[in-house]
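This is the structure I want to talk about, given as structure tokens.
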Amino acid sequence: MPEIKIKVNQLTRVEGHGNIHLEASDGKLEKVLWEVTESPRFFEWMLKGRNYDDVSTISSRICGICSIAHTTASLQATEAAFGIKLTEQAWLLRKLLYDAELLESHVLHVLFLIAPDFLGADSVIPLVATHGDVIVMAVRMKKLAYNLAEILAGRKTHPITPIVGGWSKLPDADALRDVRERLVKCLDDAETMVAVVKSLAPMIPNFNRPTEYVALKDSKEYAFITGKIASSDGGTFPLEDYQKITNEFCVPQSSAKYTRHARASYQVGALARFNLSSEQLLPRAKKAAASLGMKAPIHNPFFISVAQAVETVHCVEDAINIIDRLLARGLHDEEVKVKPRAGRGVGIVEAPRGMLIHDYTYNDAGEIVSANCIIPTGQNHASIQHDFDALAPAILDKPVDEIRHTLEMLVRAYDPCISCSVH
Amino acid sequence: MKPKVAFFDFTSCEGCQLDALNLDVGEVLGLLGAVDIVNFREVKTDRSDDYDIAFIEGSITKESEIPRIEAIRKQAKVLVALGACACTGGVNCLKNAYTADELLKGVYGECASYYNTIPARPVSAVVPVDAYIRGCPPTTSEFLKVVKAALLGKRPDIPNYPVCTECRIAGNVCVFQRGGTCIGPVTRAGCDALCVSSGRFCWGCRGLVDDPNTNSAKDVLARYGLTLDQILERFKIYNSYSEVSQCQK
Ligand code: SF4
Ligand code: SF4
């Protein structure tokens, strides 16, 4: 058997810089590495000394794609530290904004970044000619998510109006009514997206590696920004105990830290959420999952994108329900009062790619003394590496191009947010 | 021949690239009709080193990023800095308050030696920049405006007056009158005072106007009983690279 050497420098169609490196000879795998080469940015140090009012503004810049998730985790950490409880209205608006985040991110990932892999294209651009309808639909869905976020937060990337304790400005009720109509139409689009995924599903590599799945879990709803930490290997943990799960450590091939809990690695993200909470999906999302033949637990990491399609339906349904509740109760100006106090607060949310943790300690003046952020992709890097270790030997007999492509697809399935994971 | 366009990311959150392309279907098709996107790692696998216009996102924060940006500069006829990180250094420069050693040991502990970092700087601190698309993130409309100008070989018409001007047009009550602080008086406009209009204040993400009227800014502060120091902390969030020193002059 010939020598195989694969070196993918700066994997494409993912956020940030990562490399794939494989060497084999005589049919034996010598090395397969997932390398994270992104420059560290040191946000935890940037946050030191910052006033609580500027903290989410800075920390949302950890990631341009999931800046709403970072803003939300950041605000919840500060609110936990100061002992602030949101009003029902403020809370509903925060959840609605969160639906916009997931909707945009999942559409981008599944239809723009992943679909070209299955259709033999190098990007979404040639698909404009061959799959025009789907692309026009995807642009429409993304635009809707952007508009929903703009109505609520001033803009989608790096939101402006969500502040510690509430909102600096309320959305316009008429704008919410208009966007509701578009969301109702978007339910059909989301179901079409599920059908597209179903048509591509036979091409999903048959690869299973059972592992530990970790996500927020709530007794009342499919958890995105509520609940406790839960593990598929057993147990729930209060948010403040996240370090018992994450156990970060460094490896030389990655400028992002690795994590591990019950096993050598664990997975976070849409599939982890599906595996832990699928019975709580809203009705149409449940139907979508059934139409795809999905039944938890699923151990194939390539199914992360499929779970994202199901969650897309869920988020659209959820957004419609929340707008109905908001409109029924009417929007009322609420004064936001914040009294800083010394202490620690942990905020954890389910970013599109999984569990995102912000942990702040404040002084009396409301300035950050120390900060710790743990990013979903940081938690998934070890899982990607362990998937590589299991997958590569099984496909070594394939043509080199196919080996490379399968490994690239595996990384993309995780939708890694690499620059975010290095933060 | 359509001009060949490339996007490159350095140290950043990569939000600008994706936001720049948050276009309507018509705009997407218009853009794709006018240019050939030959290099765009975040969206596209095939790449080519033959391009005319390069959009640079992110600041320079690693030794290895310097030869990379120099090579891009050599190839590109027009080099555009996209977003605050590329234009002013953005939030990345907040880390410059610490030494590399403090940062690496502080975040990575005993593994500090695996990694490296240099003080963060805007692209123009390393190579000449032809055009700037400011903001964190920039607005889509300004992105399109600069692209169109670059295609026509013209200078884009970007405001060179402070955010205050747009803030008044938007009909906002001045943040200072509400008892807060705002960097609007010295920040370059072009965002329609988005943050103030959203019930907050300007953080200065678009950088200084060319000739900031720091005297009148100081007057504003004096009128409301504030000192420069009180607002500098906030000003540093996006402008700690060089402009703070300019402002202190
Ligand atoms: S200081 Fe700020 S709030 Fe006041 S007018 Fe200028 S930009 Fe607007
Ligand atoms: S108001 Fe200021 S901080 Fe906000 S977008 Fe405009 S320039 Fe940037």
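Placed from the backbone N, Cα and C atoms, the Cβ positions cover glycine too.
Got these off TrEMBL a minute ago, pasting:
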{"type": "BINDING", "residues": "A:Glu44, A:His423", "note": "Mg(2+) binding site"}
{"type": "BINDING", "residues": "A:Cys63, A:Cys66, A:Cys417", "note": "Ni(2+) binding site"}
{"type": "BINDING", "residues": "A:Cys66, A:Cys420", "note": "Fe cation binding site"}
Can you tell me how far the Cα of A:Glu44 (Mg(2+) binding site) sits from the Cα of A:Cys417 (Ni(2+) binding site), in Å?
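It is 18 Å, counting Cα to Cα.
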What Cα-Cα separation, expressed in whole Å, is found between A:Cys417 (Ni(2+) binding site) and A:His423 (Mg(2+) binding site)?
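For A:Cys417 (Ni(2+) binding site) versus A:His423 (Mg(2+) binding site), the Cα atoms are 10 Å apart.
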If one looks at the chain holding A:His423 (Mg(2+) binding site), which residues at least 6 apart in sequence have a CB under 8 angstroms from its CB?
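A:Pro40, A:Arg41, A:Phe42, A:Phe43, A:Glu44, A:Ile62, A:Cys373, A:Ile375 - these are the non-local Cβ neighbours of A:His423 (Mg(2+) binding site), listed in sequence order.
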Please report the distance from the Cα of A:Cys420 (Fe cation binding site) to the Cα of A:Cys63 (Ni(2+) binding site), rounded to the nearest angstrom.
5
Could you check the binding-site residues A:Glu44, A:Cys63, A:Cys66 and tell me which sit with their Cβ under 8 Å of a chain B Cβ?
A:Glu44, A:Cys63
Reduced to three states, what secondary structure does DSSP give A:Cys63 (Ni(2+) binding site)?
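The residue in question, A:Cys63 (Ni(2+) binding site), is coil (DSSP, three-state).
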For A:Cys66 (Ni(2+) binding site), write down the residues of its own chain that are at least 6 apart in sequence and whose Cβ falls under 8 Å from its Cβ; none is a fine answer.
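Correct list: A:Glu101, A:Ser105, A:Ala351, A:Pro352, A:Arg353, A:Leu356, A:Cys417, A:Cys420.
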When neighbour density is defined as the number of other C-beta atoms within 10 angstroms of a residue's C-beta, which of the binding-site residues A:Glu44, A:Cys63, A:Cys417, A:Cys420 has the lowest density?
A:Glu44
